[in-house]
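Novice: Quick one: the structure is below, and I'll ask about it shortly.
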Amino acid sequence: QFLSNNGAVPGEPVKTDKNSRRGNWGNQIEFILTSVGYAVGLGNVWRFPYLCYRNGGGAFMFPYFIMLVFCGIPLFFLELSFGQFASQGCLGVWRISPMFKGVGYGMMVVSTYIGIYYNVVICIAFYYFFSSMTNLLPWTYCNNPWNTPTCNGVVTPRGINNTLANVTRSLVTGAAEVAVEVVNKTKRTSPSEEYWKHYVLQISDDIGNFGEVRLPILGCLAVSWVVVFLCLIRGVKSSGKVVYFTATFPYVVLTILFIRGITLEGAVTGIKYYLTPQWHKILDAKVWGDAASQIFYSLGCAWGGLITMASYNKFHNNCYRDSIIISITNCATSVYAGFVIFSILGFMAHHLNVDVSEVADHGPGLAFVAYPEALTLLPISPLWSLLFFFMLILLGLGTQFCLLETLVTAIVDEIGTDWIVRNKTVVTGGVAIVGFLLGVPLTTQAGIYWLLLMDNYAASFSLVIISCIMCICIMYVYGHKKYFKDVEMMLGFPPPIFFRVCWRFVSPIIISFILIFTVIQYKPITYNDYVYPGWSLAIGFLMAMSSVICIPIYALYKIAKSEGTTFLERLKNSCKPDVKWGPALSEHRIGLYATPGSEGEVEVRPLKEELKEKEKEDEKRDEISLTIQGSNGSTAHNTTPSA
């Protein structure tokens, strides 16, 4: 339907490898940068360094890289090859075994939840970014209307010009004050914490007490959704150009902050805390569980984004090479970010004369309280603050682009009419508007409670279950031998023996271990001293289950709709690959996919017969625009998307 009947043109493999109806990446760099932007997110900055420090410093790197090699890279390669082979989003790929299409719906649900709250985090970073455009950061001192009597800043008013000389002087002259502060550490609240709680969030006392919508945050949420929409207005054609900046500039900022950080007094102490190996912790199962979980969540496995991004690759692209490059880049970024975070925290601990553990934090606490407070101690602190929050915005946007594109691609591929393909921008706008409206409750005074609830439950063990079922479906239901042949047909070489073993045995076992570990380690969520009520935890579990429940519900529906007189016949037929399963373009449908009845399980009709049936469907669907089919219709299809 979307290419001319003459198939491949001799001597022009580049032209015919393009999917003109659906679109492709402009070049391979765009795909790699987009995937790096997707995998490298806020977790690399605010979660990994803290996990590393808590789980034995340098010793944590050992289980971390073991899990990367045996679970991270193989799963990454599996999802990329899956999406690239079928050139379909997270729903369309399940033609491989239609009964398992519920896994695709589960991925969509997960991406929806993450997309809603992730953009709220980005919008708060936008808020801090705009707030940093002053001569003096508003969370520097305790003399603001929102401060409480317990507020105690790290910068004294005498050091108002924020030079290092004054910081050093305040250390000497304020020794007694610091000593008292260490004793009363539990009573101290920092100006950055009070700015975050009492001014930015105006946090309520309970998750059920929504209060009012915080209009500045709502405005920033609108800004962040508009930015995401504009970057995706032409799908991968526009986002592929934007990532040249959004995926690379965070590394420039990280390097600037790293150089600034290591030149500070106390930075070495902070980095020692981050990297000093505590080898006895390697025997702790929790350390291995944390390493596996961090790799799994950090790479974005089972979100549907990797399948979606790979689906826009050309059919013969070397996704094996890409998966290794992207996975290693992601993990190297995490390690590098740890130096940036802990050099500044070490400086702050040195200034306060306390242990680094007293100032170390993770999640929103690191991004919006601990690190901003440390920045107030630097000369020209607004500049460093602007850079830091700009980096957070870019890291967040890189992930958000892919989350939104995953949903849009799934909808467009599923409906598949010519109108919706031509008007993909309308779908993108619609999804962005719905995402904005669903994010409004997170901008209320109780918003932070809901944000953390979604972060903890919406995408936790459900991702692990989805990934495990995906491995089982491809390797055991569809068949590992057939899948290895598919990959060989696409890449020109079969998957290396290491990946074949990992896909079939090692990765599913590690995924099962992560699931068991997640269940055993489960603790009800808290936020500082606030304990979540039972009804909110029930909502959290419902969110987690809502993505997993798609799998059995759709499987039962598919079995009921399948042909057959007995349950076993229906089950067998619902697991068989769909006739449309395989490469999207006719010139790639060779061997098994070109001739009918090659294998009992896969019934593939001749392409001409399929094209005739598609033409008839198109005529019925849209008599006015598609009355004439054939070479003219093909030309029309080719020119419309590019226009």
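The backbone N, Cα and C atoms fix where each Cβ goes, glycine too.
It should be emphasised that the depicted structure is a prediction, and the values quoted were computed from it without experimental measurement.
Quick paste from TrEMBL:
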type	residues	note
TRANSMEM	31-49	transmembrane segment
BINDING	Asn44	Na(+) 2 binding site
TRANSMEM	61-82	transmembrane segment
TRANSMEM	103-130	transmembrane segment
TRANSMEM	215-236	transmembrane segment
TRANSMEM	248-275	transmembrane segment
TRANSMEM	295-312	transmembrane segment
TRANSMEM	324-349	transmembrane segment
TRANSMEM	383-404	transmembrane segment
TRANSMEM	425-451	transmembrane segment
TRANSMEM	457-478	transmembrane segment
TRANSMEM	498-522	transmembrane segment
TRANSMEM	534-557	transmembrane segment
COMPBIAS	602-624	compositional bias 'Basic and acidic residues'
COMPBIAS	626-643	compositional bias 'Polar residues'
Novice: Could you list the residues of the same chain, at least six apart in sequence, whose Cβ is under 8 A from the Cβ of Asn44 (Na(+) 2 binding site)?
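Specialist: Ser298, Asn330, Thr333, Ser334, Ala337, Leu395 - these are the non-local Cβ neighbours of Asn44 (Na(+) 2 binding site), listed in sequence order.
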Novice: Would you kindly check 61-82, 103-130, 295-312, 457-478, 498-522 and say which stretch has the most C-beta pairs under 8 angstroms to the transmembrane segment (534-557)?
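Specialist: Maximum Cβ contact count belongs to 457-478.
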Novice: Can you work out which residues elsewhere in the same chain, 6+ from the ends of the transmembrane segment (498-522), have a Cβ less than 8 Å from its Cβ atoms?
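Specialist: Those are 67, 70-71, 74-75, 77-78, 285-286, 288-289, 292-293, 296, 460-461, 464-465, 467-468, 471-472, 474-475, 480, 484, in sequence order.
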Novice: Out of 61-82, 103-130, 248-275, 383-404, 457-478, which stretch has the largest tally of CB pairs under 8 angstroms to the transmembrane segment (324-349)?
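Specialist: Checked against 61-82, 103-130, 248-275, 383-404, 457-478; highest Cβ contact count belongs to 248-275.
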Novice: By Cβ distance under 8 Å, which residues at least 6 away from the ends of the transmembrane segment (248-275) in the same chain are close to it?
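Specialist: 33, 40, 49, 52-53, 57-58, 333, 336-351, 356-357, 360, 378, 384, 387-388, 390-391, 394-395, 398.
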Novice: Let me spell it out: take the transmembrane segment (103-130), skip the flanking residues so only those 6+ beyond its ends count, and list any with a Cβ under 8 Å from a Cβ in it.
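Specialist: Non-local partners: 41-42, 89-94, 200, 216-217, 220-221, 223-225, 228, 302-305, 307, 364, 367-368, 372, 385-386, 389-390, 392-393, 396-397, 399-400, 403-404, 406-407, 410, 435-436, 438-439, 442-443, 447, 450-451, 454-455, 458-459, 462-463, 466, 469-470, 473, 543, 546-548, 550-551, 554.
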Novice: For the transmembrane segment (295-312), what are the same-chain contacts with Cβ under 8 Å, counting residues 6+ beyond its ends?
Specialist: 22-25, 31, 34-35, 38-39, 41, 43-44, 47-48, 64, 67-68, 71-72, 75-76, 79-84, 86-90, 92-93, 104, 107-108, 110-111, 114, 236, 319, 327, 330-331, 334, 399, 402-403, 405-406, 409-410, 459, 463-464, 466-467, 470, 511, 514
Novice: Relative to the transmembrane segment (425-451), which of 31-49, 61-82, 215-236, 383-404, 457-478 accounts for the most Cβ pairs at distances under 8 Å?
Specialist: 215-236
Novice: Which residues, given as numbers and ranges, are at least 6 beyond the ends of the transmembrane segment (383-404) yet have a Cβ under 8 Å from it?
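Specialist: Beyond its ends, the transmembrane segment (383-404) has Cβ neighbours at 34, 36-38, 40-42, 44-45, 111, 114-115, 118-119, 121-122, 125-126, 128-129, 132-133, 137, 224, 227-229, 231-232, 239, 242-243, 245-247, 249-250, 253-254, 256-257, 260, 300, 303, 305, 308-309, 367, 371-372, 375, 428, 431-432, 435.
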Novice: Same chain, outside the transmembrane segment (215-236) by at least 6, Cβ under 8 Å from its Cβ: which residues?
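Specialist: Sequence-remote neighbours of the transmembrane segment (215-236) are 23-25, 30, 34, 119-120, 122-124, 126-127, 130, 200, 242, 246, 309, 312, 393, 397, 400-401, 404-405, 408, 424-425, 428-429, 432-433, 435-436, 439-440, 443, 447.
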